[in-house]
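Engineer: Copied straight from TrEMBL:
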- 336-377: region 'Disordered' (REGION)
- 470-495: region 'Disordered' (REGION)
- 90-109: transmembrane segment (TRANSMEM)
- 121-140: transmembrane segment (TRANSMEM)
- 215-238: transmembrane segment (TRANSMEM)
- 280-307: transmembrane segment (TRANSMEM)
């Protein structure tokens, strides 16, 4: 059974009957034609629709800036997004050190006060130093580069993460010239294959993968702790400064009503006083509060990925895989609906051929449906104008129209099981102790190679065709002769 339809200028055809059991859907683009053919083999990414940014770069910039300006913009985008670039690393160091300097001059200079003592200067400085140290470690760490040599290491990667046949089919990296293990990805920025690739972080100018995910998580935790601690400490410092100036005992008078109220019962007045007398401290407090929220959300997302046993790269892969399955199910449902309608039309044609009065009634109903459609009925041109139905040549009534997209109801799709999810604690230990898991896999590979070599040698020697057995047979006789000669000389010495 074949199904073909036109969607967004592309013709999609599916051969449902030729699909093997357990196969999935992928889309490949035919060169020089706007045609996508759906074939059943392991999952590949579908072509994505162009974004507004790509369209503007492709069409708008050459017309506004000319060829030279467009080339300059492309060079900037390539240097910033597709090549190793330390710009955000420098920005992070400047942001942390400059923020700490501003914090020192605007907030630490107010210590001690009735609420906070001077000891917090040391703890605040320690948090900044810890964040910078973890930033340096994450920037210089190896994310888990997959190399073709030695072969035992590559086999260990394949044993640790076998292919699942769904989102990770067998694939060879054309750049690194190796069979890519599952959960790995070739980073075009770093130009290397990274095991259990999570994402490429521009802030550390490095990939986050198998070896350095624990360092990256520690870096996130340190930054969350630094920003959260700085926010709470800034609030306490400003509150202590207000206590030192006796602002909580001040009363203000509303001259219109004559009401006398304490100042602390009107938070708006307290905020106005802080903005007037400590504007930099208030700005630092708000900035660190927003940074704490953003970093907390990102850290929570990373913990959630540990909970479900996926990486950021795998989340996108599973999403694309789900969309491909949905599109395949839609095409199959449409093909079945077309077959049912065709059978119903054939039955109706046979019935009308046998009974002429039924044929006249069917023709009148068809003409009435065409008139209602022309006058803007339920399925008229107003709905078709918005793309719900096709306006190309209707046949009237509720029959099949050429180019009409049927609305089919799909059952819930069941995705394949994630074989890399071993439970939250097992996933956590794998992140915290990656060397242990890799060494276990490597030892298993070496042990398996040794057992296989021994089995092959024993099998060949048992058949009497191996050279090792002949060699051993030739060497066994001189050894026995040597032992006999040595035994006779020892007996002579005793005599």
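Backbone N, Cα and C define each Cβ position, glycine as well.
Automatic, uncurated: that is what TrEMBL annotation is.
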Engineer: Sort out for me which stretch, of 90-109, 121-140, 215-238, has the most Cβ pairs below 8 angstroms to the transmembrane segment (280-307).
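Structural biologist: Ranking 90-109, 121-140, 215-238 by Cβ pairs under 8 Å to the transmembrane segment (280-307) puts 215-238 first.
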Engineer: Quick test of the contact rule: Cβ under 8 Å, at least six residues beyond the ends. What residues does that give for the transmembrane segment (121-140)?
Structural biologist: 89, 92-93, 96-97, 100, 103, 108, 111, 201, 204-206, 212, 215-216, 218-219, 222-223, 225-226, 229-230, 233
Engineer: Go through the chain and flag residues at least 6 beyond the ends of the transmembrane segment (215-238) whose CB is under 8 A from any CB in it; none is fine as an answer.
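Structural biologist: Tertiary neighbours of the transmembrane segment (215-238) are 103, 107-108, 110-111, 113, 115-116, 120, 123-124, 127-128, 130-131, 134-135, 137-138, 141, 198, 201, 204, 208, 274, 278, 281-282, 284-285, 288-289, 291-292, 295-296, 298-299, 302, 431.
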